[in-house]
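Swiss-Prot has this to say about the protein:
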DOMAIN    5-388  domain 'Helicase ATP-binding'
BINDING   40, 41, 42, 43, 44, 45, 46, 47  ATP binding site
BINDING   216, 234, 245, 287  [4Fe-4S] cluster binding site
MOTIF     330-333  motif 'DEAH box'
């Protein structure tokens, strides 16, 4: 292995020691084909460490690849090998030099005719057009395509040409497009040595990929409510008889290829984010959704949202080159939940009724104008929806226990007693895909509903939801379950997220899960990567960039008058709730600037505020008294988070308190640096609802799978039962502690920042709880009486006032 002391990572700034450790560990992880779980707290420069560590490996690997390919035949004489290697290096450099010159030329052209990013382009609204009923009709449908015709069509399709291909790529995925834009912004600050010493310069070639929702520039498609309808509308335009989509450039057409190549070179000449691509597409009248794919072969880095990377069908749709790539998943603390939610669907009785009604309206209007293929399949769809309506009507008459959340439902029972169970759902699914019927029906329903935003959304989007649910139920994952979520709601839930993720792990060279709060890591090993041995996984966790004296973590087991125990059966104690207010009031007098207080749920936050406003002292309630000390702002489930945060930030210099919710809008993606959070208070342990359908189904699955594994090892039934119950409890606790880590982790943003973290609940003193907290919190955690903690906090802020 290369001497790590000699590695130069081209970090744009002088890296902290923990950043160097991170980059070294990442380089080794990629080199050794491992799956890495990397934790680097918020504010430690995680993104730049990911970029510099992976790009350094990529550039060095490209140079080594050219030499190793040329020296494959070791039986040749030394002088022949040397000459072959030299020729390979020259060819390698020549190819990249040609690409670099082409991109430099495009970059100069862009500078002379710079797109006006500041002005931007407003997304066009749908222009009113004369309505012709025929636009709502599907093409005549037939399943039969003769084999000889299919072969002829395949032979006539020319191959897509790409003049250059990078052998290994970095695929960077994150949850939101704003997070991906931040990554692109960081990438713009970096430069890396060329992969060949015969080159003077090699710019980083990055392409940002997105869905039609982010990139479609045709208003006739982009205004559609559902993904299915957008996909169908796009295909309808491209394949239709009325001129097609004017933005789509056919890669098999000479003029189309020129436009695509120009778009490709423009995107690779400079590092652009998804908004830049959208504007570029508008400026050049070129569809960025399709044209951006031409940039994939020559790119070194590809950015994608979770929805594309984590969906097999989405990866296939854009030909995402996972094979042999370095896959980096940022903000991976929510990866298990994201994979589960992407493969989880639910429908309600009202949705089915609405979809059935809309479908029958369409059928009634166009029945006599449809060919037999459309007529028959539309009839099948109506039958299936009517059967589901009957199922829900029966379910409402069941005993409450039979429809309790998490109660399994067999697929056959959905259509029991109707002819719908005789329908070939696979053929029906094929019909939905090929006929674009969802788009046609949604378009018609929008028209008849007067095209108001609310009406079109409610009457048409539900059809897509029901169709997606039927697809999922028809093609269940091996570890999924169909269950009730009350008498009027059905849920199909993925129970084993390792199955859909396995395809990525097995094909990629290296997979890195990175986040600011990856603790506790046990769930990733048990439920995401159970098929990997310990030596195939690299765990990395670093401390914070701040010195120890800049952080104080206090377990507060009791207030001035009462113990803090926010368990389900005790959290409604009004005396304890009032003691929380008194605790905040006492600390607000010694903590400068802003205090952020996290509650387990919106419902509990509302309950606490109501209690505070009810209890009065000297004519004022405790809420008003606290508000006089520091102005209180309350996160709302419905109001704009930007407005609340802006008003809070404005008040912070004078002193302010922000009451927030774990898992709410303020707990992720918002950084409370410096005065925005000189203190973070965590009120209780935010366990999820134990009686929700998701938790019940997941708990049952864990208990069953662990029990079966234990019994297979020869363990007694009693021990297997204890182990299975323990595993389910541990999973439940991990969800809670991950949420705690994520919420409090937003307080420290840079090396000179400082803050106090208060954990208000006696249970935070338990070792089994503390071991699941982030490493940087565990190292400085203190527990004492209310008075002792108050004294330490006074000293903490007094020392920072002097500095």
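Just so you know, glycine gets a Cβ as well, placed from its N, Cα and C.
Shown here: features listed in Swiss-Prot, placed on the structure.
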residue : record                        : DSSP class
41      : ATP binding site              : coil
46      : ATP binding site              : helix
234     : [4Fe-4S] cluster binding site : helix
245     : [4Fe-4S] cluster binding site : coil
287     : [4Fe-4S] cluster binding site : coil
Same-chain residues near the motif 'DEAH box' (330-333), Cβ under 8 Å, at least 6 residues beyond its ends: 37, 46-47, 50, 172-175, 179, 183, 513-518, 738, 741-742
8 Å Cβ shell about 216, 234, 245, 287 centroid, [4Fe-4S] cluster site members excluded: 212, 217, 218, 221, 237, 238, 247, 248, 289, 290
Nearest-integer angstrom distance between the alpha carbons (Cα) of residue 216 ([4Fe-4S] cluster binding site) and residue 46 (ATP binding site): 32
Nonlocal residues around residue 287 ([4Fe-4S] cluster binding site), in sequence order (Cβ under 8 Å, 6 or more apart): 215, 216, 217, 218, 245, 247, 248, 249, 281
Least surrounded among the binding-site residues, given as 40, 44, 47, when other CB atoms within 10 Å are counted: 47
Close in space, distant in sequence - residue 42 (ATP binding site), Cβ under 8 Å, 6 or more apart: 516, 517, 671, 745, 746, 748, 749
Per-region confidence, the domain 'Helicase ATP-binding' (5-388) (mean pLDDT, whole number): 81
Number of Cβ atoms other than its own within 10 Å, given for residue 46 (ATP binding site): 22
Count of other CB atoms lying within 10 Å of the CB belonging to residue 234 ([4Fe-4S] cluster binding site): 24
Sparsest Cβ surroundings (other CB atoms within 10 Å) among the binding-site residues 216, 245: 245
Under 8 Å by Cβ from residue 41 (ATP binding site), counting only residues of that chain that are 6 or more apart: 516, 517, 542, 543, 544, 545, 745, 748, 774, 776
Rounded to the nearest Å - Cα separation of residue 40 (ATP binding site) and residue 234 ([4Fe-4S] cluster binding site): 42
Inter-residue C-alpha distance, residue 43 (ATP binding site) and residue 234 ([4Fe-4S] cluster binding site) (nearest angstrom): 42
Alpha-carbon distance [residue 234 ([4Fe-4S] cluster binding site); residue 45 (ATP binding site)] in Å: 40
Env. residues of ATP site, Cβ within 8 Å of mean position of 40, 41, 42, 43, 44, 45, 46, 47 Cβ: 49, 516, 545
Distance from residue 47 (ATP binding site) back to residue 234 ([4Fe-4S] cluster binding site), taken between C-alpha atoms, in Å: 35
Composition by DSSP (helix, strand, coil) of residues within the motif 'DEAH box' (330-333): 2 helix, 0 strand, 2 coil
